[in-house]
Amino acid sequence: MTASQDFVVKDISLADWGRKELDIAETEMPGLMAAREEFGKSQPLKGARISGSLHMTIQTAVLIETLKVLGAEVRWASCNIFSTQDHAAAAIAATGTPVFAVKGETLEEYWTYTDQIFQWPDGEPSNMILDDGGDATMYILIGARAEAGEDVLSNPQSEEEEVLFAQIKKRMAATPGFFTKQRAAIKGVTEETTTGVNRLYQLQKKGLLPFPAINVNDSVTKSKFDNKYGCKESLVDGIRRGTDVMMAGKVAVVCGYGDVGKGSAQSLAGAGARVKVTEVDPICALQAAMDGFEVVTLDDAASTADIVVTTTGNKDVITIDHMRKMKDMCIVGNIGHFDNEIQVAALRNLKWTNVKPQVDLIEFPDGKRLILLSEGRLLNLGNATGHPSFVMSASFTNQVLGQIELFTRTDAYKNEVYVLPKHLDEKVARLHLDKLGAKLTVLSEEQAAYIGVTPQGPFKSEHYRY
């Protein structure tokens, strides 16, 4: 990257290919295209300086261009070292949008690129964050605490934290006061995924959230669609591209039965696998059992599994002891946001053979081997291309509405975590019905009055679970 080249991509010559796929994706993303039509003239994001940290895919490229059509300035990095589609990054960089994303980044590159989304040419700060997993948000908040004299950088708990803390120290030395100034300038953050939302709620509980946040993940049109139907298609896609294994008849264990786990279990069952589920939550466990899945512990199931996938958002779900029990050539992967669901660090002293990008064969001293996908990071994005465009349109339309809401109505929000109101959730769903040829029934005035709603909605209470 030079002063005249404010981007880092693998190969800018891939831009034409990326543009062709981007044009196709637009036809599958009616929510984002409707947002351009509705808000393009009014420019509600004019003046917004958005730092985006979200998988740099073709679908994300459509989101970025939508934000720009609505008036925003944007700088972008991927939120995962393996999830970038290099042709998508090139297509966006070729339009003049600063993007810092390469498939297969080192951790050092990842945190350098995260830093770059806050480095505007005029030296002024960002005023909005669009996040997926919370890394961009945490980068600023941890840095600001360090500048305030708190001892937050001296005891890293992982290799990732070592690299993160080193990058924070580097920026503090280069630009004193940077993090404090940047934190004060943020009007709000919109967060895409369960893991990042959990981080925000923890900050709120401790009184450490310095700006409002919108929890996009828990919009119904995100969690019940992206998390479930998206994983239902992309999980098996990633396993197939990574291994070419036939799943029919295999024993697959899905760790977790939240929305992502439900989609993952259905994905594997649809491919013919015999699916078992592990759960800590009795409600989710009962759902799994009544959906026809055997509910087991991983301690019991590890030795018979052909495929094991984590979906929980928690850490140490698959331990080194579990992996020692697994059969030869068991496939191990994760579709939760971070790589700590699997104790990958405990495997580093074993023999690793790279089969192809994001596929590693790991050999134990007794000769038993495991196939690890994407080094324990998101296999649907590392080994494949993530969720289909249509389902991401719903998620990303929520992101656009959240950005507009926080940027234009900042004073209406306290420094807390919010969910988009029901009428906007229903609006997002409505925008996607025509593409599927679906026709809504319309309540009469009498019917609406009988159940206490209007014929236009909202049709459900805020606590309705769907």
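We number each residue from 1, going along the chain as drawn.
Placement of Cβ uses the backbone N, Cα and C atoms for every residue, glycine included.
Swiss-Prot lists Thr57, Asp132, Lys222, Asp226 as binding substrate, and of Glu26, Glu162, Glu191, Glu192 the one it places in that same site is Glu192. Residues Thr57, Asp132, Glu192, Lys222, Asp226 are recorded as binding substrate; their most distant pair of Cα atoms lies 17 Å apart. Thr195 (NAD(+) binding site) has Asp132 nearby among the binding-site residues Thr57, Asp132, Lys222, Asp226, counting only those with a Cα within 10 angstroms of its own Cα. Here Glu279 (NAD(+) binding site) is positioned 21 angstrom away from Asp226 (substrate binding site), judged by their C-alpha atoms. Annotation for Thr57 (substrate binding site): spatial neighbours Ser83, Thr84, Gln85, Ala88, Leu381, Thr385, Gly386, Met392, criterion Cβ-Cβ under 8 Å with sequence separation of six or more.
DSSP assigns Gly258 (NAD(+) binding site) to coil in the three-state reduction, placing it in neither a helix nor a strand. Counting other Cβ atoms within 10 Å of each Cβ, the lowest count among the binding-site residues Val260, Ile335 belongs to Val260. Ranking the binding-site residues Thr193, Thr195 by how many other Cβ atoms lie within 10 angstroms of each Cβ puts Thr195 at the bottom.
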